[in-house]
Structures are given as C-alpha cells and as structure tokens.
Protein chains: 2
Amino acid sequence: MQTLSTLDPDFQKKFTRLVNARRETDEDVAGRVSAILTAVKSRGDHALVEYSQRFDSYTLALDEDWVITPERCKEAYDGLDTELRDALDLAAKRIRSYHEAQLPSDRDYTDEAGVRLGSIWRPVDAAGLYVPGGRAAYPSSLLMNAIPARVAGVERLVVVTPTPRGDSNPTVLAAAHIAGIDEIWRVGGAHALGALAYGTERIKPVDVITGPGNAYVAEAKRQLYGVVGIDMVAGPSEILVIADGENDPDWIAADLLSQAEHDPTSQSILITDDAGFGSLVADCVRLQLNQLSTAKTAQESWEANGAVIVVNDLESEAPALANRLAAEHVELAIDNPEAMLPLIKHAGSVFLGRMTPEAIGDYVAGPNHVLPTGRRARFSSGLSVLDFMKRTSFLGLDDASFAAIGPAAATLAHAEGLPAHARSVELRSK
Amino acid sequence: MQTLSTLDPDFQKKFTRLVNARRETDEDVAGRVSAILTAVKSRGDHALVEYSQRFDSYTLALDEDWVITPERCKEAYDGLDTELRDALDLAAKRIRSYHEAQLPSDRDYTDEAGVRLGSIWRPVDAAGLYVPGGRAAYPSSLLMNAIPARVAGVERLVVVTPTPRGDSNPTVLAAAHIAGIDEIWRVGGAHALGALAYGTERIKPVDVITGPGNAYVAEAKRQLYGVVGIDMVAGPSEILVIADGENDPDWIAADLLSQAEHDPTSQSILITDDAGFGSLVADCVRLQLNQLSTAKTAQESWEANGAVIVVNDLESEAPALANRLAAEHVELAIDNPEAMLPLIKHAGSVFLGRMTPEAIGDYVAGPNHVLPTGRRARFSSGLSVLDFMKRTSFLGLDDASFAAIGPAAATLAHAEGLPAHARSVELRSK
C-alpha cells in the first residue's frame, strides 16, 4: 500500500505511475487458445470430449454427461435454505426491474423532405453465458448476465460451465433456474467458447457471448470477437472510495477490502482530505484482514495495489483524480454526493453516500455489476440489455422525396468515383 | 454469378454454402501489425517518421509536415464547385438531424424500496477517425464517422490520414471542414492507429477509434480493442435485393452493381419470385458493366460472389433467406415493403420500395452507412452516437432502504465466500 499526498511536489509523477500501472497479466495464451478454437471448429464434439477429459477430468460419454437439466436446476432451487433463496429472488427481481427500463425505443417518422426514416431494435436470436467452475462460480454473475439477455427478448439462453470431476455449484444452478436458462452444457474453458461461436453437432451456435472467466476464456472471447458479439475485455476489479473524515474508518476499510478480496491484482484506492482518517482506515484494513477467510488474497492486493491519496480539498481535487483513474466502482462517502456525481465523468458505477457500500451493487441494487475495468470506463459501459440487441435502420422514399434528395446522392457518388452508385439514382430520375 | 432456385432439391445445401462462403481475406498481417504498434508505443513520433517514410514516401520533418490545418480545410471547402458543396452540406445536415435523435436519455428515480437508481450517458473525451488515402478516401465516410461523434458531444475529434507523397483529397478536406475536425494528422496505416491509442509526443491519445481501412488498419483496430473502444470489425460490402417482377430490371441491375463496384470481395444477391425477371436483371448487369469505369472490380465481384435466387413466393420465402444472409443492405423493391419490414430480423439497413436505391443511404438519407457486414447484423448495429458515449450507473441508499435490501446482499456475499463484501454491509447494519 502506498500513501500519496497532493502536497508532495512529486505527486503528479507518482499519481501518473499509479494510473498507468498495469495489473493485467500478459499470460501468453494466445497461441494455445487459437489451437483449441481451431480444433473445436473442425472437430466439434470430438474436440470437446478430449479437452473436457484433459482439463476437467470429466468424461462426456452418455447424453446425460453433457447437460444439466432444468429439472436439476429446479431441485437445486427448491433445496436452498429459505434465506438464501429469498435473497436470490430479491436480487433477480431488482435486477430485472432495473434492466427492463433499459429497453430502447424504435423510431419511425417522415421528415420534412418526405423521407421515411427510422430504426428497429431487436434481440439477438441466441446468447451464450460463460459461468466459471470452482471458486469463482458466482450465482450473482449468472443473474447479472442472464437477466439482461432475457429482458432483451433473447429466445435461446445457453450456459456453458466446466464441471471438474462432475461437480457443480447448487447455488449457481438455482440462479439458472430463476433466470430461466434454456440449456446448460457441462463444458468450460476456451473450447466451450469455440463451441458457442462455431457450433458443434450437439451445441447450436449463439450470436453473443458474455460472462467472466480466466485468461484462457478472456483470450478466447477476444479471438472470437467478430464471429460473435462479446461483452467486453474484463480486467481486475477496482474500487475508488472518496471519503471525508466524518466516516467510520471501519466501514471504509471493509469497502476497500471488498475489492481486494477478489484477486491479488484487484485495486482499492481511498481519496480523503483528512490524513489522520486515512491512517485510521489503513489501520482498520490491517485489523480486519486478520478476520477474513480471504485474507491472503486481500492482503496481497492491498499491499501491491492499494493506495491512500490525501488531498487538500475533496470537492476541487477528487473528481479530476477520479476521472484519470476511471475506476470500475466509485464510492462517494461524503455529505453531499449529489453535488459531486456530475463531476465524476469516467466511472463504471457510482455509489452515493455513506450507506451505499459497493457490495450492495454487486448483489441487490439492480444495476449491472459487470462493469468496465482497467480505465475502460473512459469509453465503455456496464453490461446492459443493449449488449443483447442490435438496431436495424430503415428508409423509404417516394417520387417527391426522391426528387428532393436523389440528385445530391448522384453528385456525391460521381465525386467519389462510384459510377454504379450514381447510375442507380440517375436511372430512377428519368 | 450463380442462379439458385428453391425448387431445386439441393437448394438448402447450395444456399448454406452461399451463406457460409468466406469473402474476408485472411491476410496474415497480425505479426507485422503487432510489431508496428509496439514500435509506436515505445518510440512514439520517431516510429511515425520512419513508417511514414517507408509506407507513404512522405517525410515528417517540419511542424507543417505533420498536420493539415483547419484553414486548409476551409480553403478546400470554399474551392469546391457549388453543386458538390451543396450536396455535401445537404448530406451533413441530414446525417446530423438523424443522429441527433439517437441521443440517449439519462435515468434518475427512486424505487419502491427507497433506493435511488439511475444512469448517466456521457461522451468520450476524444475520438480518432481513420480516413484512408488514395482511391478509398471517401468524404461521405468522414461525415458518417465524424458527425455522430460531434453529436455525441465529443470535445476532441482527430483524423489520421496517410498523404502519400504529400497528396490529400480536397473533397475529404472539405468534409473535414463541415464536420469541424479539430486535428488532422498526416499519418496513416497501423502506426497512425497506434499513435491514436497510445499517444506520442505530438499526438495526444484518444478513447475511441472508428473508420474504414485496409487489412493492416482493420488488424490494428482489432489488436487495440480494449486499449480504446473501436466501432467494429468491417468486412466486404453486401447488398440483398428482394424484388418482384414489376421492377425495371435496369434499376435493380444498377443497385446490384453499386455494391459490386466497391471491391472484388463485395457481394450482390437478388431474390425474386420471377425467374424471367431474374434473367433480365442478369442481362442488364452484363450490359451496364461495359459502361462503368469500375467495370473490372464490379465484374470480378459479380462473377465470384453474385447470385440470383428464384423463389416460389416472395412473402413466405424471402424473409427467412434474408435472415440467414443477415446482409448489410436489404432492398425491398416490392409493392408493400412495410409488410415485409417486420419480418427482416437481421439486416444492417433496410431500403423500402422501388424508389429507394441503396446509394441514397450511402450519402444523403441520414442513417449511418457504416453497417455490419459478414452476417454480423445478427448481433451488431450500424455506427451511432452510442459508439462515442458511455453510461455510468449510480445508486444511493438511505438508512431505510439499506435496512430493506442490505441483509440480502450480506447473505449472498456469504454464499459466494466473500466475507469482506458481507462485512461492509453488516458493519452498517449495526
């Protein structure tokens, strides 16, 4: 963990280093992923059988080895303890409600030249969701990926997930039941993404693939971008907490640790105008670390990537620093967060006020928790129903509107050296 | 050119071959592009000087060698003949008007649990537009890329364009004047994209890069995806014309040729329910070819990729075929195009009726002409203001709403094995 102060004459240099520090691992998996995708494209299910055996020690032999049925998911749901089931149901309901209001509107109008113009939004036919196996199998991620697709109107929702030695996570299956997943295939890794993109004998191809995964999964998505739509390149999680000295340091410490516990490459940064409060928070982080089952990961992250930045004045200094960091999550633990919100230009999601810890947004608030990382909030957005839809524009001319705007089209076509373009207009002008 | 008929027992096999035919070249440029991007990232302007010398025979020595000034663009605009200038102005005005209505709305509401929720759309800070040099330097493309960025509210709009031996296209400069480009740099190729993404001593980095280009440019964009936002992977142009026998075969032939003349890899397909009309159109294509300055390209495209598909019944058969082709442009040259429009699920843009040739949409209609190719209309959309904007979600809880939904978040955090997440909620619950 490092402490910076804007009073330090070297602050700009140090802060720029913090902004530009690369936390994404450059594991060189491109070649291996490319070979796996090629194998799946050419050998289909046979390749899936081989890779599942090799990577997951799982044999895809009989039909029932390939899929987890909706009935099995329903059983998992029914088997949850009531508190957890209610929490999942509440989360799903709130996520659905928030995303329903994202549905875009179509347009259809005739302009003053008499040209009919418009656009129509439609869902993709099929979406594939990657669900990691093992430790990173999060039911909340399944809801956050599947519900926007369902709200968008996607007809076929497919999950691929590795089941090492046959194991699957019952809470994830319960979430699949809630989200109404149509197919769950027991395949994971880069080969599962190849199957979703190219299709195999058993698995029909999809149009869009979303969901988190390891370096192989991320690289496979990157390589398949263009064959299918993908959500985004995801990197390590981040939180930036902007807090004055009036906060309980224990609360803020817990917020910082809630990102740090995700991964050693996660990053937690506090900006405060109260140096003493900053020290208190750092002390609380150390104390709380001892009580966490995730202490090893959280400590590694905090020590390598954590930072406390002390500024003179929060209002005038914090937004500019936040915009350079363009963090995935930004908490405004201050008296008047509404006043600062418009100044935070680059952020995945903003959490307003002292009673809004980031974890609320991870689970039950409603907005999506799949958010841009690695400063990508400068140009990209969290997952939404739009990631599962596409827009078709349309136009229609009659004789009068053609006479009004057609000649200009022919003029421009000639200027660009495209005579057939011009002719298609000129023939109709006669 | 091939002729298919749905009455042919082998039709499905032949049509599937047509749908899956790959027209995108797999030029292996990845390695070379990667080396160029690395050089620009590490050596900045020095690398640009070397590559411009090597690829464009152009020396970036003095300050004035690097940029084309706004004054120069204004001169080019003033120097255009009136008809062309008016046509460009009309195109810009109509494109601006169509895209202004794409501006998304923010949300800000408090739900029944008392949780404040919403999202804010904001433009990216800076966008870079690639403008090819030479033959493919199209002023219309500059307008179609720049105007949505300007409408989105992007503050800094940068063009990079190669100027082989110092040459630039005055109509393109005039378009740059109309669109209000802030900076034009005389660098092109993969190295120009590296400069836009990473920044150099002279060129400040941007957040989003759009615009067409050759295989090197496309590969550079692909490799930079994630460092910056990009518009999409673009492939060869396509048109699908759905026409009954009541059309003038010359008109439809010109429409087919207007895509064929773009590139030998372009594709033009006619679906008709009138076999005789289909033959007439093919005859007209051959006759018109002789009169085109672009005959060589158009003929190569038509012979290699063109197709006439004869169906029994347009209404019941054409939409399903169109949806499998998911073409960039779909013309409905039929009596009642409105009835078929809702059935065309996958298309970049649809052109309604006999008086709406595709070229109108290329230039002056208003909707964007940057559209998904290569069946990507299944999952992606034409360029829009959204490509130059991003959305930040926000949420805020008070004591009452925190009490209502906080416990469920803690329950889910525990279920996912994330104790610091749970603690950040539980500390506030006390």
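From the backbone N, Cα and C atoms, a Cβ is placed for every residue, glycine too.
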Report task. Pick the one from A:D207, A:D362, A:D387 that TrEMBL also lists for the substrate site with A:S237, A:Q259, A:H262, A:H329, A:E416, A:H421. Result -> A:D362
Query raised in the report: What subset of the recorded positions A:S237, A:E328, A:H329, A:H421 has a Cβ positioned less than 8 Å from a Cβ of chain B?
Result: A:H421
Report summary line: Note: among recorded positions A:H262, A:H329, A:H421, least Cβ-dense neighbourhood at 10 Å is A:H262
Query raised in the report: Any idea what DSSP makes of A:H329 (active site, proton acceptor), helix, strand or coil?
Result: strand
Requested in this report: Could you find out if DSSP has A:D362 (substrate binding site) as helix, strand or coil?
Outcome: helix
Query - Same chain, 6+ residues apart, C-beta under 8 Å of the C-beta of A:Q259 (substrate binding site), given in sequence order - result: A:S237, A:E238, A:I239, A:S266, A:Q267, A:S268, A:S301, A:H329, A:E358
Report summary line: In this structure, the one of the recorded positions A:E328, A:D362, A:E416 whose CB has the fewest other CB atoms within 10 Å is A:E416
Query - Alpha-carbon spacing, A:E416 (substrate binding site) to A:E328 (active site, proton acceptor), which is rounded to whole Å - result: 44
Requested in this report: Give me the Cα-Cα distance between A:H421 (substrate binding site) and A:E328 (active site, proton acceptor), rounded to a whole Å.
Outcome: 46
Query - Distance, A:D362 (substrate binding site) to A:E328 (active site, proton acceptor) (CA atoms, angstrom) - result: 12
Report summary line: What DSSP gives for A:Q259 (substrate binding site), in three states, is helix
